[in-house]
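*Asks:* There's a structure below that I have some questions on.
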Amino acid sequence: MVDKRTEQIKELLPVYFIMGSSNCNGRNPVDVLEEAIAGGITLFQFREKGESALTGKEKVRLAERLQKVCQENHIPFIVNDDFELAIELDADGIHVGQDDLAAVIIREKFSNKILGVSAHTIEEAEQAIKDGADYLGLGPIYPTRSKDDAEEVAGTEIIKRFRDHGITLPIVGIGGISPESAEQVIQAGADGVAVISSIASSSDVEETAKSFLRATSK
Ligand code: TZP
Ligand code: MG
């Protein structure tokens, strides 16, 4: 039987928008997030990375502004990597990769929050499940320019492989996903798509978010 928490997490994943100030083509991230929410994104992750990334107080200030927009619109606010920031802001959750603070430690201290873990192998996925992850991020599904240290392109096969292996935890595909390719990611067994550039750098953010919502709810 699928438990209630799993069902609730799945409902949050269809259009998982990820963004930081360097992904917005010089636009105000607050405006970009508001437009994405108007288009129907279901979850948001603050990921402030890259050469021009804000640090210190400026990073916290931006996170607070984006969190407020999320709160006003009932979209859960997830922090990438930065556990201290997630605690400071009392964020709704955190997403970590394999090189970040171990998921098991986060789960201990962040017991009732959403915990996402990036995995590339079945072993990493099984460990994440043991550690108490709520969902897995699998990718890069397609080539991406939004992550310097991205692993090799995995294709939608990685999602099929994990499902065939019996992994039932909610999954989002990530990496190079467009409204056109989103449906394939869902058909492979994902519950949603995690997207940076296709939404953040769109000339019509709201319309692009809508296209993702249509593609993932077919
Ligand atoms: N992890 C794997 S690929 C990726 C991350 C954070 C970047 C996804 O960004 P985009 O622009 O949607 O390819
Ligand atoms: Mg990370």
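Cβ from N, Cα, C; glycine included.
Predicted automatically and left uncurated, TrEMBL annotations should be read as such.
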*Asks:* In TrEMBL, the 4-amino-2-methyl-5-(diphosphooxymethyl)pyrimidine site includes Gln45, Phe46, Arg47, Glu48, Lys49, Asn80, Ser118. Which of Lys10, Lys130, Lys147 does it also list there?
*Replies:* Lys147
*Asks:* About how far apart, in whole Å, are the alpha carbons (Cα) of Ser118 (4-amino-2-methyl-5-(diphosphooxymethyl)pyrimidine binding site) and Asp100 (Mg(2+) binding site)?
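*Replies:* One finds 10 Å between the Cα atoms of these residues.
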*Asks:* Ligand 1: which of the binding-site residues Gln45, Lys49, Asn80, Asp81, Asp100, Lys147 have a Cβ closer than 6 angstroms to it?
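*Replies:* Near the molecule: Lys147.
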*Asks:* Please report the distance from the Cα of Asp81 (Mg(2+) binding site) to the Cα of Lys49 (4-amino-2-methyl-5-(diphosphooxymethyl)pyrimidine binding site), rounded to the nearest angstrom.
*Replies:* 10
